[in-house]
């Protein structure tokens, strides 16, 4: 929106042409989203508390979590609003990738909203039935995957790129591309949701990964940089750097209120949306494997749940972990909540740096 206005003014006042630079708009998007979160956060928290939209806590979980009962939840709506408003302000609204990513984020957020609303307002502990949750998120992910596949006009847009090697890729075909894209978008969404169990645990790694994906998006959308670094050139993908900047800024603003002891939780409305956003960006810029590396924390949390359930059924009631997801295992092992969170952040920093190194190590 502001881009079109600035370019119009730039016809007469050349100084406004600076807003055509993606790097500037990415920084401005991050700052705008951060300020929106700061400005609106207290009011959102007060409204959630007044409506008694509070978190329910599992009786069989760590005892330290019992004090969290009643903490306002569904605060992820604040993140989504900040991302949407900022992207509409600073993004190029003629770019199809911006709209696909934004609509996927809003769609997954809507599913999470219904799930949270049923849990905390209608006092339904199950929320939205799992089959319906996966059905709706699957439909949204498939719609995005099909759109991206059908509108691809270059082979690189649907190939699986192998990091650490120059010009090593595998053609997936339409069916393979749609299947992989569905798995990445839906899988990342639910992985972030599983990770969101401690104060600040999910949001900071999400911000880190989003920041790294902003770099990948900028490189992929720049003909010169993509050629030099051996990254497939995806025309228009650079605009997703602006979206990622908005996500990172909104996430940091939310962390201000979500840091221990949390004043608000993001709920499914935030976790599902943010995970889907990361997955969609990774699909567009063809960095699914790198997302798997940088989001290793999300992968580990998900695998811990899967392994726990499978082993429990196969062994007749035995468990590998004290409790799943993985962060609860360490809590019950004696780690304080803040120790788990900060140590998992450190691991994510290492993984993100390793993921970024794939740009040069080819």
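Every residue gets a Cβ built from N, Cα and C, even glycine.
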Transmembrane segment per Swiss-Prot, picked from 318-338, 339-359, is residues 339-359
As Swiss-Prot has it, transmembrane segment corresponds, among 6-26, 27-47, to residues 27-47
Cβ pairs under 8 Å between the transmembrane segment (339-359) and the transmembrane segment (132-152), at least three
no
Note: vs the transmembrane segment (200-220), the recorded stretch with the largest number of Cβ pairs under 8 Å from 27-47, 132-152, 160-180, 264-284, 289-309 is 264-284
Listed stretches 73-93, 97-117, 132-152, 160-180, 237-257 vs the transmembrane segment (27-47), most Cβ pairs under 8 Å: range 237-257
Taking the transmembrane segment (97-117) as reference, the highest number of CB pairs under 8 angstroms among 132-152, 160-180, 237-257, 264-284 goes to 264-284
